[in-house]
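Structure first, commentary second.
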């Protein structure tokens with residue numbers, strides 16, 4: 001009987017350990033609405049897999065990250081991704097890469113967040129002022145000036161930015177812990193949503209005059225559409 005009791009206890013402990021470590025896989029899209037009929041559904045959390053026997057070296061290869069991105073835009077930066085859309089072999093591997101180019105003094109990768117990834121950034125050229133803000137209620141700001149060879153980490157989901165404070169072009173590369181990290185640029189999302197958020201909501205949230213909110217919305221909506 002003691003042996004049986006020990007065995008039951010062992011099984012329960014094993015089940016408890018299994019349940020304690022179990023979790024849903026992280027989503028690779030913004031949402032997934034359930035459907036009852038498979039014909040109305042789409043494949044999510046990755047892409048369909050090629051037969052491994054048919055895989056070729058090109059599935060794991062992407063040229064061109066040595067080519068500077070075009071920074072002639074309102075924020076003066078360009079992000080060039082190397083993700084699963086560009087490298088099919090990244091599917092299910094949980095990692096991606098970007099090159100970021102910044103125009104001389106003022107090139108900005110504006111405040112944004114990656115809902116599905118932590119980011120680790122290394123500066124290759126130039127001088128960047130970077131930072132991230134923690135969640136409510138502290139909203140603590142962490143900043144650092146980075147030079148070539150310096151590395152900085154932006155924790156998953158937190159708002160962060162990079163700003164070129166040098167008088168030459170700047171270049172950085174960043175690794176992200178998802179094949180599809182997603183990006184939400186704060187100003188674009190808030191003032192450029194489609195359809196637009198009710199101006200009364202934003203006027204109260206940002207403590208701005210409603211006409212200023214409408215002006216911002218008209219500008220960002222035009223940029224986004």
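Backbone N, Cα and C define each Cβ position, glycine as well.
Taken from TrEMBL, the feature signal peptide covers 1-22. Annotated disulfide bond per TrEMBL: 32-49, in sequence order. Feature annotation from TrEMBL assigns domain 'Cupin type-1' to 63-214. Annotation comment: TrEMBL describes 109, 114, 119 as oxalate binding site. Per TrEMBL, the feature Mn(2+) binding site maps to 112, 114, 119, 160.
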Residue from 109, 112, 160 whose C-alpha is spatially nearest that of residue 49 (disulfide bond), among the binding-site residues: 112
Shell of the Mn(2+) site beyond 112, 114, 119, 160, same chain only (C-beta within 8 angstroms of their C-beta centre): 113, 117, 132, 154, 158, 159, 181, 183
Sequence-distant neighbours of residue 119 (oxalate binding site) in its chain (C-beta under 8 A, six or more apart): 153, 154, 160, 174, 175, 176, 177, 181
Integer mean pLDDT for the domain 'Cupin type-1' (63-214): 96
Set of same-chain residues at least 6 away whose C-beta sits under 8 angstroms from residue 114 (oxalate binding site): 154, 156, 157, 176, 178, 181, 182, 183, 184
All-chain count of other Cβ atoms within 10 Å of residue 49 (disulfide bond): 10
Oxalate site shell beyond 109, 114, 119, criterion: Cβ within 8 Å of Cβ centroid: 98, 112, 113, 117, 121, 154, 160, 174, 176, 181, 183
